[in-house]
Amino acid sequence: MRNDSSRTVVASSAAGWPRARVAKLTGLLALVVFVVAFPRMAADPFILSVGVIIMSYAVLATSWNFVGGFTGYISLGHASYSGLGGYATVLLILHTGVNPWLAMFLGGVIVALLAIPIGIASLRVRGASFVIVSIALVLILLLVFQSWGSFTGGSNGLRVPRPFGDEVLRPEQHERFFYLHAVLLAIAVLCWWLIDRSRFGTGLKAIREDEDKAQSLGVPTFAYKLVVFVISAFFTALGGGMYALWFGFLDPIFQFSILTGSYMVLMSLLGGIRNVFGPILGAVIVGYAMEFFKAQYGDTQIHLVALGVLLGIVVLFMPDGILPALRGLVIRFRPQATSIREVTQEELTRDATGSREESATDRGTGTKEEVSG
Amino acid sequence: MTTSKNFRIGALVAAAALTLSGCLSGSTGASGDDGEGPIQIGISLPLTGDFSEPGKGVQRGYEAWAAHVNQNGGLLGRQVELNILDDQSNADRVATDYEKLINQDGVDLVFGPFSTRLVVPAAQVAQDYGFLFVEPAGAAEEVFEQGFDNLFYAAPAIAEDHYNHLADEITALPPNQRPKTAAYAAMDDPFAQGTAYGLKNKLQDAGIRTVVDEVYPPNTTDFGSIAAKIADSRADIVVGGTQYQDAVNLIVALRQLGYQPDMAAFSTAPTNPEFPRAIGRQTEGILSPTGYTPEAKFPTNREFVEFYTERHGNEPNEDEANAWTTGQVVAAAVEAVGCANPDPECQQKLVDWLHNNEVDTVVGPLSWDKTGKPQGAHLIQQYVDGEIKIVLPDETKEADFIHPKPNW
Amino acid sequence: MTGSLLLQSLVLGVLLGGLYALLAAGLTLYFGVMRVVMIAHSAFLILAAYLAWYFSQQTGLDPLLSLVFTVPLFFGVGVVMQRLLISRLRPATLTMMSVLLTFSVALVIEGTLGFLFGGTHRRIQLPYAGTSFEIFGANIALVKLIAFGLAAIALAGLYVLLKFTPLGQALRATIQHPEAAQLVGINTDRVAGYGFGLGLATAAIGGTALALDSTIYPSLHWHWIGPLMAIIVVGGLGSIPGAAIAAMALGLGQSLLQIPLGTTWAQTFFYLALFATLMLHPQGFFGDRLAQRF
């Protein structure tokens, strides 16, 4: 299933199907109009600030999806790059006095450079080490930024100078940052889309579907993974830097938090990592759900349980995100398919045989037996 | 297939976002600044997460204060209503919470959250909307160096001044009794570290040598190595910049290594009612600064202790007292100025009044410098015969200062 | 720095290393049998510590007695978790998705503990908490020795089980070569379930040992998972002796580095070792072909 969906992308974009393109452009236009109009529609600055937060989530999740979506490598530690981006931006402003926006860009470049050795260490071997490094990196950065007080402000945190003057009141700041985040998001989405259509993107997706096969077909897997990883770190850092400029305060505990990273994963997976708009959809759903649950169920630890259960459900039952799951539901109610189980089984068999071709893991058979038995 | 999927996702995103903005704006402007009806007070507290224990203490204090005010005719003749949100011990959330309280719930006044780490982002929001910001728990020096002019700390002293009375006492000891070396261990937290370093600076100036100076991350649970260093240094006094659990662990680890100092001072932990249960009979002689004691003879304190004890069945702690104090401070300003609404003009009047006046509270008379820093020092308590008693300064003491401390 | 401080730190390092070794053995076992990075391992560790605390709180008995039911319970939970959750994942994406699945389990445990017991730091009151005895000028706390003994016994038990029992042979065969193991008639699915159960049983023992001499709180597991993951990579993913040796080495290293560097910077030692291993010797120092591929 996954194999033929990626083939369809190539085929349809080559053919240039005009009606679908019109539909797509209309959808995109509606989205843009909505984003432009949102600050006008927001009833008060609080809603606008929630809008900024969700926009920031969308930027971070889309940035995460460069690695997660293209290569299938799940990084739980992308908070490292957003946190580093925030700190790099603010430290540059404080120590060199450069323009905040230039500092943000330079911060992104610095983080991208740092991501090269990290990527080399974590991508040389397969997924397990990548995950471990991604988590370890958050923990080590938390320690370093807490302890190195003379440079980073340590546990006292760091106050971020305002990029706009005092005459720009808080509600207007929210509005400006909402648009700025939207621009950043548009650039990230455009970049994702360009990679998606390129030869580079096809190679990356080959890695996602089967790394061994991709390698034997001559895809330079390591170099490809590294490049897309650095791009992802760059955009994540820009997102972190912009959020820091808006929020105005950096505290290592909240900057380098595994939970922040896991929200990026949840948003992307929930929306669907194979689609350029998936992470954005996920960010809107999760961001809204968080506000909603907090308003409804206030002061209990249950929000962690909810996050855990939601993530578990997504992983177990709809690892491709909401849209494929919805489509599955439609298929289920079509007359020729009597049960969802048959579809699942069919897919599983195909997956299992697909992967058994060269890197046979007998657990594939095991899974199949579980389902049928 | 994929192309039309893109479109559908785009539409779905737009639809979801529309619903979102619709739903969120549902309940706008609860009270507004109509000047009638109850006075709404917005508060965000860590009711879950890492700071939830003290956060709940502050909540009890605020609620007791509000109940007390309402029983006695309210504020400016209006009842007081608290609107408390949970910030989950998270800085991002605390800012969003105040944003919501001020913009959507239309509160008339705000009170501060708990923990130094959350005060700065919250104060920023309050400052941007021109609100007065009196807070019960942002004690570190750094809070007052951020240039906020709307911020007031409702307690006698900032963290660095907590041990002032103890420092005076030590430097006044006769030379043969005076400690010569000191070991410091502090949690990497602006408040905890501030208390220990405040004392360290004063003792170093008095010529007492620092032999160990350790900082540990807030999540540390294994104190074996830190204790080994302190025990190995044989320092005459040990000072812990601690919160609660870390002090307990450190003391147990020090005892495991057979270290016996002449003086042991820890911030916060010994005043916790759980502390003697956790340490057992070995608490004797342990020192701790406190900003509050139920026995204090300040005019309003007896009323507070009685009211609180009746409500909860036990005497209030420092967290509850600081919250009550916050209420008292804001109430004094509101009564004096005669307004309580979100209008920046009214809020500015409240701020100005507090900068220029002294307020009588359950922790004593409070006044502030222009950064909002209170101008006092903490009392020093010590475990004497198994009970924590005030030993310093002399004029308020309940028992005599024990030195050197008995073995633990 | 004096000689006695050095000796004291060595002793503390060994005592800490023992606990790390047991826990890392469990973590690497999951990886060996299933290629699963079990993020929830340390969350189960904290869960066991809470059960020990709650047990001694309610009954007034020694927390060590809670092992009688936590170990079988955790073994059962491990088997069930493998059969019901992990084995449902698609084999092609098993490693990545299992990370997320176990991560979500960790969040559920943390949230539930927070919901039931609050964020308060808990500590078991033991009459012998401060007891210690002196050997060559180094003080050894009784509780730390008990914890170490518990870890050593459990680790030895695990070794005997893997080396000398049919189940152990099946487990080792599954770790080394799953296809071949299946060809010789080993039911690798069932074996993987038992492997999971054994891994969780180590968390039960480790958690009880931890609860003896440390405060516990719901989010403590993040503090443990990082060092443990560093250990299993340094030791070679899937290699149990490798994990044990690396745990001892890193535990000692951390303890000794605390003397010159202080607590915070000494903690970074684990992560530096992790990065150095991946840069220089990605299969770890005791791993085999298995580690190289992941």
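Just so it is clear, glycine is given a Cβ too, placed from its N, Cα and C backbone atoms.
Going by TrEMBL, these are the annotated features:
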TRANSMEM  C:6-29  transmembrane segment
TRANSMEM  C:36-55  transmembrane segment
TRANSMEM  C:67-86  transmembrane segment
TRANSMEM  C:98-118  transmembrane segment
TRANSMEM  C:138-162  transmembrane segment
TRANSMEM  C:191-212  transmembrane segment
TRANSMEM  C:224-252  transmembrane segment
TRANSMEM  C:259-280  transmembrane segment
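Of the candidate ranges C:6-29, C:98-118, C:138-162, C:259-280, C:98-118 has the most C-beta pairs within less than 8 angstroms of the transmembrane segment (C:36-55).
If you look at the transmembrane segment (C:6-29) against the transmembrane segment (C:98-118), you find fewer than three C-beta pairs under 8 angstroms, all six or more positions apart, and that falls short of contact. Away from its own ends, the transmembrane segment (C:224-252) comes close to residues 10, 13-14, 16-21, 23-25, 27-29, 31-32, 37, 39, 41-42, 45-46, 106, 155, 158-159, 162, 175, 267, 269-271, 273-274, 277-278, 283-288, 290-291, 294 of its chain (Cβ-Cβ under 8 Å, at least six residues beyond either end).
Within the chain, the transmembrane segment (C:138-162) has long-range Cβ neighbours (under 8 A, six or more residues past its boundaries) at 4, 7-8, 10-12, 14-15, 18-19, 21-22, 25, 64, 126, 128-132, 168, 171-172, 198, 202, 205-206, 208-210, 212-213, 240, 244. In this chain, the transmembrane segment (C:67-86) touches the transmembrane segment (C:191-212); three or more CB pairs sit within less than 8 A of each other, excluding pairs fewer than 6 residues apart. Counting same-chain residues at least six beyond the ends of the transmembrane segment (C:67-86), those with a Cβ under 8 angstroms from any Cβ of the stretch are 34, 36, 44, 48, 51-52, 94, 98, 101-102, 105, 189, 192-201, 203-205, 207-208.
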